[in-house]
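What Swiss-Prot shows for this protein is this:
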| type | residues | note |
| --- | --- | --- |
| DOMAIN | 4-39 | domain 'EF-hand 1' |
| BINDING | 17, 19, 21, 23, 28 | Ca(2+) 1 binding site |
| DOMAIN | 40-75 | domain 'EF-hand 2' |
| BINDING | 53, 55, 57, 59, 64 | Ca(2+) 2 binding site |
| DOMAIN | 77-112 | domain 'EF-hand 3' |
| DOMAIN | 113-148 | domain 'EF-hand 4' |
| BINDING | 126, 128, 130, 132, 137 | Ca(2+) 3 binding site |
């Protein structure tokens, strides 16, 4: 993380840490989540804390918070990269990757794919059965194949 990103995370942490104890407990996390428009249940709050709480203290300290934020920022960056790739396929800007889009990209990359192979690729990623690949389907398949 850059110094600026660390500073942003420190400011966010300090906002959550309402009593200034240097840690975020379940009550503080619930208040902050509600302020952000979420309504997490008590179990969800406990799970969030246990997922982040590496030392088993039952609270989140700044180091643990920073590790979580670093991971989240990494996810955001890879999502942006995947969406850039999606837009390269979706050259007609329909919000979907069609058979025609995929065939064009394969040809540009010098891949000699048959129409059947292209259709198989679409079928593999197409979760809603509309015959095209939307952003979520593309994101999912890219994550699944670990290309990002």
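Placed from the backbone N, Cα and C atoms, the Cβ positions cover glycine too.
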Identify which of the binding-site residues 21, 23 has its Cβ surrounded by the largest number of other Cβ atoms within 10 Å, counting every protein chain shown.
23
Taking just the CA atoms, what is the gap between residue 64 (Ca(2+) 2 binding site) and residue 126 (Ca(2+) 3 binding site) in Å?
37
Using Cβ-Cβ distances, find the residues under 8 Å from residue 137 (Ca(2+) 3 binding site) that belong to the same chain and are at least 6 apart in sequence, listing them in sequence order.
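Listed in sequence order: 125, 126, 127, 128.
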Which Cβ among the binding-site residues (19, 132) has the fewest C-beta neighbours inside 10 Å?
19
Tally every other Cβ atom lying within 10 Å of the Cβ atom of residue 55 (Ca(2+) 2 binding site).
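Cβ-Cβ neighbours of residue 55 (Ca(2+) 2 binding site) within 10 Å number 10.
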